[in-house]
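**Student:** Below you will find the structure I want to go over with you.
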Amino acid sequence: MTKSPLTLYLAAPRGFCAGVDRAIKIVEMALSKWGAPVYVRHEIVHNKYVVDALRDQGAVFVEELDECPDDRPVIFSAHGVPKAVPAAAAKREMIYVDATCPLVSKVHIEAERHHANGLQMVMIGHAGHPETVGTMGQLPEGEVILVETADDVASIAPRDPNKLAFITQTTLSVDDTADVVAALNARFPAIIGPHKEDICYATTNRQEAVKAMATKTKAMLVIGAPNSSNSKRLVEVGAKAGCSYAQLVQRAADIDWRALEGIDSIGITAGASAPEVLINEVIDAFKDRYDVTEEVIETAVENVEFKVPRVLRTPA
Ligand code: 0CH
Ligand code: SF4
């Protein structure tokens, strides 16, 4: 049977960012330095394939520090942790390595700086997401007010509307966040904030590439996990930019081929926590079924790299 022709647009950049790369390296290097088991508090990054592969090498994933023994190293995930977590680990004299992305840590520092200057914080983020929990947990209870949408801005009651600053989660939708920031500026003209928001380079670049891809095709697959904020935002951005079919898939087995019947092009991208091996698996699945022509849609070139913590750069 002859295969139908299909243009496969590949977003660039897509997949792993520097923070994810560093976080995974931290677990691998901790395993080689201290041997198994090494505990990891929360999924190191939100990807089952990555987590399963590290588990196979001896990592033990837990949700809370209480689940770790005192005498084994523990790693904190890329999303960041409330201040109370390293404090508890230090009190128990545990070895801990913080795999929080430096760009998340930067937001933590921003929050502390504003707090030291007597400002109450507004955080734009998703309730319950580990990054939001971690960032809010840098300051005492009540010092960070969470808003998720522009509508939320109307109902918050800060201590002093003239003494406010805002911070954001790093993996939000750039466009939706701009609306929330506009609502904050309108209601609190004195609010202090970053130049735009705290969304990181990787989130921004992946969303830009999706928008460019949406001008070429109406169908899009985002490789990523259902609990991955940045991956879910890529699906929303694709849909908003005009893709009538935009779906999140964890891997090739999740592709709904029936829904794709009759298409002659599709865009592929991947969240910052989705490994290249799963991207290739999806591309290969298309090649099995279609006569594929690949076209890369490149909107940015990334060359960011983060060093692993010093403790892992020295022998045991
Ligand atoms: O996008 P989220 O924050 O859910 O996390 P992820 O999918 O593990 O991607 C890495 C980002 C980690 C923190 O910015
Ligand atoms: Fe860091 Fe951005 Fe990657 Fe999050 S998505 S780990 S903030 S580079």
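Residue 1 is the first one shown; counting continues down the chain.
Cβ from N, Cα, C; glycine included.
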**Student:** Among CYS17, CYS243, which residue does TrEMBL annotate as binding [4Fe-4S] cluster together with CYS101, CYS200?
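**Tutor:** When TrEMBL describes the [4Fe-4S] cluster site, the candidate it includes is CYS17.
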**Student:** For the binding-site residues THR170, SER228, which one has its C-beta crowded by the most other C-beta atoms within 10 angstroms?
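**Tutor:** Answer by Cβ density within 10 Å: THR170.
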**Student:** Of the residues named as (2E)-4-hydroxy-3-methylbut-2-enyl diphosphate binders, HIS46, HIS79, HIS129, THR170, SER228, SER229, ASN230, SER273, how far apart in Å are the Cα atoms of the most distant pair?
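**Tutor:** Across HIS46, HIS79, HIS129, THR170, SER228, SER229, ASN230, SER273, the widest Cα separation comes out at 15 Å.
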**Student:** Among CYS17, HIS79, GLU131, THR170, please name the recorded positions whose Cβ is nearer than 6 Å to ligand 1.
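**Tutor:** By the Cβ criterion, which requires under 6 Å to ligand 1, the hits are HIS79, GLU131, THR170.
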**Student:** Taking a cut-off of under 6 Å between Cβ and any atom of ligand 2, tell me which of the binding-site residues CYS17, CYS101, HIS129 pass.
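**Tutor:** Listed by sequence, the hits are CYS17, CYS101.
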**Student:** Any idea what the Cα distance is from GLU131 (active site, proton donor) over to HIS46 (dimethylallyl diphosphate binding site), rounded to a whole Å?
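**Tutor:** Cα-Cα distance, GLU131 (active site, proton donor) to HIS46 (dimethylallyl diphosphate binding site): 12 Å.
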